[in-house]
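TrEMBL has this to say about the protein:
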- A:D54: active site, nucleophile (ACT_SITE)
- A:Y112: substrate binding site (BINDING)
- A:9-105: domain 'Pseudouridine synthase I TruA alpha/beta' (DOMAIN)
- A:145-246: domain 'Pseudouridine synthase I TruA alpha/beta' (DOMAIN)
2 protein chains.
Amino acid sequence: MRSIKLILAYDGTAYAGFQRQPNGVTVQQRLEEALRAVTGEPDLRIASAAGRTDAGVHARGQVVHVRTGATIPVDRWPAALNSRLPEDIAVVGAEAVPPDFHARYWAREKRYRYTFHVSPYPAPLIRHFAYHWHRPLDLAAMRRAADLLVGRHDFAAFRASGGSAKTSVRTVTRLSLTPQGTLLFLDVAADGFLYNMVRIIAGTLLEVGAGRRTIAQVAQALKTGDRRLAGRTLPPHGLCLEEVVYGDGPARPAWWADDADAADDAE
Amino acid sequence: MRSIKLILAYDGTAYAGFQRQPNGVTVQQRLEEALRAVTGEPDLRIASAAGRTDAGVHARGQVVHVRTGATIPVDRWPAALNSRLPEDIAVVGAEAVPPDFHARYWAREKRYRYTFHVSPYPAPLIRHFAYHWHRPLDLAAMRRAADLLVGRHDFAAFRASGGSAKTSVRTVTRLSLTPQGTLLFLDVAADGFLYNMVRIIAGTLLEVGAGRRTIAQVAQALKTGDRRLAGRTLPPHGLCLEEVVYGDGPARPAWWADDADAADDAE
């Protein structure tokens, strides 16, 4: 048996999220079908995935790992799998990893991007990949609010109900807003995420930019953990899991009792 | 009656091209359905369109004009039409124009972009908007070949059969290749285009970049008009009509007997 790390890109539009579930086709299901065909191992399942992206959320850099007895050279995996995958899912990297590698537990940082399309008019070519906002935004105010959220904080106010994480303390290492033509990219990097955390941060910053929420309210939300002081959850189609950063071992030592990452939530 | 110029963006993936035809749903048909609902004029048809984009080709700046008795203020047209259009078609501009304005005859220049995605791996998020090429390309060679095509030439070798244009002489005012990450943009501007001209130019430059066609062959193709010396026609999904440039009158005087633009072909 050996361990293979796979990097995945997918258009989440047609899927009920990444993770297998009884109702609806998922990315994991399609990936495992392809893995079984390629390895000839009829019961193969992925051993873990770095992020559990929600229905409609995309990825350019999702990471999974599999344990397999198949002897196909690792550089042949992408083409072999891509020939079996539907065109809205692709393997864009494969690497042999140590037997104890774990796509979720070894992840040190995940990077998500939420894309806004800011224009009076809709843009049909990017309608599945950017959230359309038709009014002007105060970018400076959005950046001031974003700066409040960087660092180690309790993000209880930026968490949808239904998540399973034990603690809502996370470390946001980057939160930047970058305009490019009519697009505005919100890039968020953290050691872990709570249920819908990026989409709630995106909604909060949007409301600040639109003058519907004050920076003081955002500070208060962070301080009190009151979900009502944060903004609404924006729709999934603007969100993309861009990259997962790994070190050469588990992100946290095994004796770490409060295993926040072990129960990391869907985005 | 007054004349309204409309700028259209569309994802051409689901359409049998722009222009109405008996087999298949077209962008024109959907646009005219929306126009009829908004104006209350049951027989309204667009008076003309700048470009006849083929099945699967996209647009960010297609231009049409309509003549109507409807008194809706011109700044309300985009929202009124967009509320009736499917989400893969959008009106992104509207302007009152003189009664003799003509979307096709007044067009001085049309700008198309063909997008390549150059990577060993496919990219699911842009699969409908970029042509995937999985090997390295010699960009310098592609640019030398592109330079040959700029100017006033007979583009007979870069024309698919089936077009109706009387002459194959066109003036290409710009032909540039711009890399951006794994994307390569081919921007082509001309006073008019022949049937599949951009897609054949794209195929020719790609073959030069891949070392499968020489620059001498491209020069020979231009000189002889021999279609076999140019490259293959690339698929439609990489192509987008970006912009149509207008002056304040017809692009050619009425006495111009060889009316090339009047029979301008689909792209």
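If you go along the chain as it appears here, the first residue is 1 and each next one adds 1.
From the backbone N, Cα and C atoms, a Cβ is placed for every residue, glycine too.
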Query raised in the report: DSSP helix, strand and coil counts for the domain 'Pseudouridine synthase I TruA alpha/beta' (A:9-105)?
Result: 25 helix, 24 strand, 48 coil
Query raised in the report: Along the domain 'Pseudouridine synthase I TruA alpha/beta' (A:9-105), what average pLDDT does this model show?
Result: 97
Query raised in the report: DSSP says what for the domain 'Pseudouridine synthase I TruA alpha/beta' (A:145-246): how many helix, strand, coil residues?
Result: 37 helix, 32 strand, 33 coil
Requested in this report: Give the number of CB atoms, excluding that of A:D54 (active site, nucleophile) itself, located within 10 Å of its CB.
Outcome: 21
